[in-house]
Amino acid sequence: MKMSFALTFRSAKGRWIANPSQPCSKASIGLFVPASPPLDPEKVKELQRFITLSKRLLVMTGAGISTESGIPDYRSEKVGLYARTDRRPIQHGDFVRSAPIRQRYWARNFVGWPQFSSHQPNPAHWALSTWEKLGKLYWLVTQNVDALHTKAGSRRLTELHGCMDRVLCLDCGEQTPRGVLQERFQVLNPTWSAEAHGLAPDGDVFLSEEQVRSFQVPTCVQCGGHLKPDVVFFGDTVNPDKVDFVHKRVKEADSLLVVGSSLQVYSGYRFILTAWEKKLPIAILNIGPTRSDDLACLKLNSRCGELLPLIDPC
């Protein structure tokens, strides 16, 4: 089943107009959460025991924790981006080399940003933030770029793939808040308008080539260089210093909990291998199979926002 939504942006009027035939509402959040079996009380007890025994718990989250906030993931059966469309995420090399590709990316990102940036943490994000405040969570590593952990108050946090809230200059490294860049887009494109369909996990939406052609893209205010979101695009690599930092946190931990990730991407999977080699107990909470199910002592197929708030971190 194909599922989508539509928003119309009118830059001259400075507002979004929801398509009444497919409104974006709280009901749409469930569109991106794959089906899962009812909670198994025995599995809940097993996870509770796992958390109770953990003294230096490291948690790694993926896109599955944010689907309940209305942000789709890529790989979930029937509801992920790959299942709903033949579109694929932008490649790092293409973005760096091609001005038309950068123009298309930023036009789509400009249209999608107001909705993407408005998403809020769900009970799973708040639960992990509470665990940190109570001293249960030693470190949190997220593969997501949506800033929802930060919005929930998490501070002992590594954003493995960066964050869409920030923009970097590819030439001089100048960092700009994404909201500030949105204002520059509006100044450069006062009469530009487009209708967007479908939201991607990185805030991208889908526009036609004709819609994109007239869109003006700002450059770095410091050096005139090209701007890029402070995220790791597909085909790029995570900063080695960040990788080393996370490896150290894993080695300092006494247990690892994976939340909402299939671990198909090696950038996150490698830390599971490190934990396994260190003989740390590994628990996985994810709807559907993961790359590391055979390494885990506990696997739960449940919604993150339904299960995590049931766990007592004390």
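Each residue's number is its place along the chain shown, starting with 1.
Just so you know, glycine gets a Cβ as well, placed from its N, Cα and C.
Under 8 Å, Cβ to Cβ, and six or more positions away along its own chain, His161 (active site, proton acceptor) finds Gln143, Asn144, Val145, Val231, Val232, Val238, Ser267. Per Swiss-Prot, active site, proton acceptor is recorded for His161, and the stated evidence type is sequence analysis.
Marked as NAD(+) binding site by Swiss-Prot: 62-82, 143-146, 260-262, 286-288, Cys304. With a 10 A radius on its CB, Ser66 (NAD(+) binding site) counts 28 other CB atoms from all the protein chains. In the three-state DSSP reading, Ser66 (NAD(+) binding site) counts as coil.
Of all Cβ atoms in the protein chains displayed, 18 besides its own lie within 10 Å of the Cβ of Cys220 (Zn(2+) binding site). Annotation comment: Swiss-Prot describes Cys169, Cys172, Cys220, Cys223 as Zn(2+) binding site.
The annotation domain 'Deacetylase sirtuin-type' is assigned in Swiss-Prot to 37-314.
Under the heading transit peptide, Swiss-Prot lists 1-28.
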In the predicted model, what is the mean pLDDT computed over the domain 'Deacetylase sirtuin-type' (37-314)?
91
Using DSSP, would you call Cys169 (Zn(2+) binding site) helix, strand or coil?
strand
Quick check for the class: what is the C-alpha distance, in angstrom and rounded, between Asp146 (NAD(+) binding site) and Cys169 (Zn(2+) binding site)?
20
Euclidean distance between Cα atoms of Cys169 (Zn(2+) binding site) and Ser66 (NAD(+) binding site), Å:
28
Between Cys223 (Zn(2+) binding site) and Gly70 (NAD(+) binding site), how far is it from one CA atom to the other, in Å?
37
